[in-house]
Amino acid sequence: MMCWLIFSFFKKKYGVLALLMLPGCWFAGNALAQKSIADSLKHELSLHRAEDTVRVNIYIRLSRYYFGVDQNQAQSNGEAALRLAQKLSFHKGIASAQIWLAMNYQMTGQNEAAIRHALSAEAIAEKYGFTGLVAESNRTLGVIYTDLDDLSQAEGYYTKAIKYAEISHDYGLQARALNGLGDIELRRKKHKEGLKRFFQSLAIAREHSMPFYLPVILSNIGASYGSYFNNTTLQEKYFDEALVAARKSGNRYAEASILANLGQLYTKTGRYRESEAYLHQSLKINQESGIKNGTQKVYLKLVELSMKQNDFPKVRQYIDEYYNLRNTLLNEEKSKQIVRLEEQFKSAKKEQKIQLLEQEKRLQIASKNFWIIGSLLLSVATVIIYYLQQSRNRKSRQLLDVQKTLIRQLEETDLLKSRFFANISHEFRTPLSLILAPVEEMLRSGKPSGNDHKNLNLVKRNANRLLDLVNQLLDLSKLEAGKMTLQIAHGDLQEWLRILATSFDSLAEAKKIAFVTHFDLPRSEAWFDRDKLEKIMNNILSNAFKFTEAGGNVTLSLRTSGDHSELQITLADTGAGISQEDLPHVFSPFYQVRRTVDDGQPGTGLGLAMVSELVKLYRGKLGLTSRPGEGTVVEIALPVTKEKLDFAEIVVAEGAPAALKKSGAAHPITTKMEPNNQAEDCMLIVEDNQELRHFIAHVFHDQFRVITATDGADGLKTAIEMMPDIIISDVMMPEMDGIDLTRHIRENELTSHIPVLLLTAKSDQDSRMDGLRTGADDYLAKPFSTDELRVRVSNLISLRKNLAAKYRKEIMNGPAEERVPSADDKFVANLRAAIEANMSNASFSVEQLAGEMCLSRTQLFRKVKALFDISPNELINDIRLQRAAILIRSRADSLTQISYSVGFNEQSYFAKRFRKKYGVSPSEYANT
């Protein structure tokens, strides 16, 4: 009490000088008392040499007494306590030591290590029921997380600490936890609640005599009044009282913190001398105690003071000191982490080595026993196995001989069967051809009528059906004999399958069956065998329609696998279904399900057998599920990439499915063609029969950009607008027939060059002559072969290209001989005259040339392309370069003037074009 009176008197009279007297007053008693306690504990430790729990507790008490006084000593004794407690498995000692280490690490700014020790202490304390240590570890975690500004976590730990402190009647811990909650409330800007918590903590501390922690609470109350209520008088009062309490209790950490707070207060109020003295004392205590975190904070406060005093050299000095200390702390933390990792690694390696040695020892014993027992068992087993193997070998040899005999007999039977079917199939084809040919001739002649015509159609239909069966027998024989190979080609799988599926639309319509298709295929091309895939699709679709009643549904789904390497076909119908006893046999040749088809005739049993063999040839997958009365689902997966079909032979694609090439009415084509925009040549098909029109379009879809017209008038209009490269037209059509269409095409200068191929059902000589007289280039009678149609179209296109070369030569050199000019000759002459009239006009363009010829740009392009096989722009340049060559050879003018006179303004471009055409430069050409 006397020290407090002296301090108050000198502080009022001499200010900062009182600070110098106060340590002498207090430290005369308290510091010496604190030193005597530490000395006493050290003496006790030196006397007690036994490594037991008593020694652990002495280390913990030393760490506790040095906490806030000398952090290095506090940490050293805490670590010694932890090592010995772990060695003795003294759980309470381990938890206590880790708590004090955690508090020490928090004070020195090593939060990661602090959290690790505190959590470990909490786990041990909870496990063994140390209630007070649970409370202390949670309070320590609250302090750490408050320092990290994680207030929610901190509040949780403080609340838990208070709960356990109340259970253990630890009032000092309650006060410290309440003080921590007050700090959290202040950080949340709840100043009154925070101050309330501090006064609750202060009441407990005074009631239960807590001199060591009292200055911390008083300091917090003072800081609250200054920072949040702007009451510097109360702030200074509580700081002074806290400083007295700290020095009285010997709490060096609290003393250093309070001195720093007072220094900051005096800086704020302009009392710089006192501020500097307090801050330097705080700095000295922090440095002596090893409290580096507090040292950093003091340096920052000294920077603030020096700024107020305008002492910038000191500002620089304190900032340097601050960052040097900060870097030291970071380096120390990293070094400690490395040491901890090395220790952990060495410890783990040592434990692993011990475990390996123990395991090796156990394995040696087990191995020894295993070899003894194993040797005995092996000897017995060897004898038994020898006799069993001998017996098995004899039976295997006998079975193998029987199996080889059976296989040889089966192979011979299969070979005989295949030869029989192949021979009989070939024998059937000749008489069938002799039946079909006369019948088709009689039907084509148009003479039969009434019942005769009906009967002939019946004969033809059944003969074709029988021919299909014969062909299936031949194919099945080839497949079973292994003589059929997969022949794949690259093509648009989606379009090909779409066309094939469309060929069944009319059958579905005729039978009143809803036929639904789902296509989920990429537009990219795939590899597939058109013939084999068509047979698979035709067989499964025919079966689906055959066994589905009117009003039923057939659904075809086509998609590819995720990596687009497989075509997945799913065909579902609502037909009669297949019984469970028939399911295993449906893919066997000649097996017939126990029912008849819709027309009362039994099936042959070849269709699905053919499908099964073709899928095997494809190395694909085939599955079938069915329930009587509900329908059937067929699922097929076939490879469609070149990599997965590396066993197949690669051939050239043939175009549309063969189903579209049949002229029968069972499968009319009703799909609408989309033009092939990538093809260079354009074909116009004029045909009033929709099925035939679409069929021809499909035939030439891969070669031409196909456009269609329904009659002669529509065809003529389309020909003038689009100027196709070839026209295929029917003769008999409404409004304007093919003969009139051909005549108009030939009379029009714009379309006179287009080759025309006429199709007609009239095959007599007069009809042919009428067509040829009107200017038709070729004539083909119905029914016709698609191969023949392809060849004739190809010949006409080739002929037109030859004519183009001829016209190109004539426009350059003039006609070789005098003749009556045709419409094309007149067009060529007018075209050349227009170009020559604008020879010197460098800006003369294709659009201007089209205007001179009274054509659109597109019409001019197609006409010139058809006649000369070059573009209009190339034609203009060729005529200019030809004129330039004549002028250069005759030396009519300078090269510059010549280039200008033929429409070239740039000499470099003229020279480049000239060299490209004649192989030499203009100057070299002049000298030749």
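Each position is counted from 1, following the chain as shown.
Just so you know, glycine gets a Cβ as well, placed from its N, Cα and C.
Annotated coiled coil per TrEMBL: 331-369, in sequence order.
Taken from TrEMBL, the feature domain 'Histidine kinase' applies to 423-642.
If you look up TrEMBL, you'll see 682-797 marked as domain 'Response regulatory'.
Taken from TrEMBL, the feature domain 'HTH araC/xylS-type' covers 829-928.
Annotated 4-aspartylphosphate per TrEMBL: Asp730, in sequence order. In the three-state DSSP classification, Asp730 (4-aspartylphosphate) falls within a strand.
Outside the repeat 'TPR' (135-168) by six or more residues, the chain places 95, 98-99, 102-103, 106, 111, 114-115, 118-119, 121-122, 125, 174, 176-178, 180-181, 183-184, 187-188 with a CB less than 8 A from a CB of the stretch. According to TrEMBL, the repeat 'TPR' annotation covers 135-168 (among others).
Look at TrEMBL and you will find 256-289 (among others) tagged as repeat 'TPR'. Mapped onto DSSP classes, the repeat 'TPR' (256-289) shows 31 helix, 0 strand, 3 coil.
Sequence annotations record features per position, and here TrEMBL assigns signal peptide to 1-28.
The feature transmembrane segment is assigned by TrEMBL to 370-388.
Counting every protein chain shown, the number of other Cβ atoms lying within 10 Å of the Cβ of Asp730 (4-aspartylphosphate) is 24. Taken residue by residue, the domain 'Response regulatory' (682-797) breaks down under DSSP into 52 helix, 24 strand, 40 coil.
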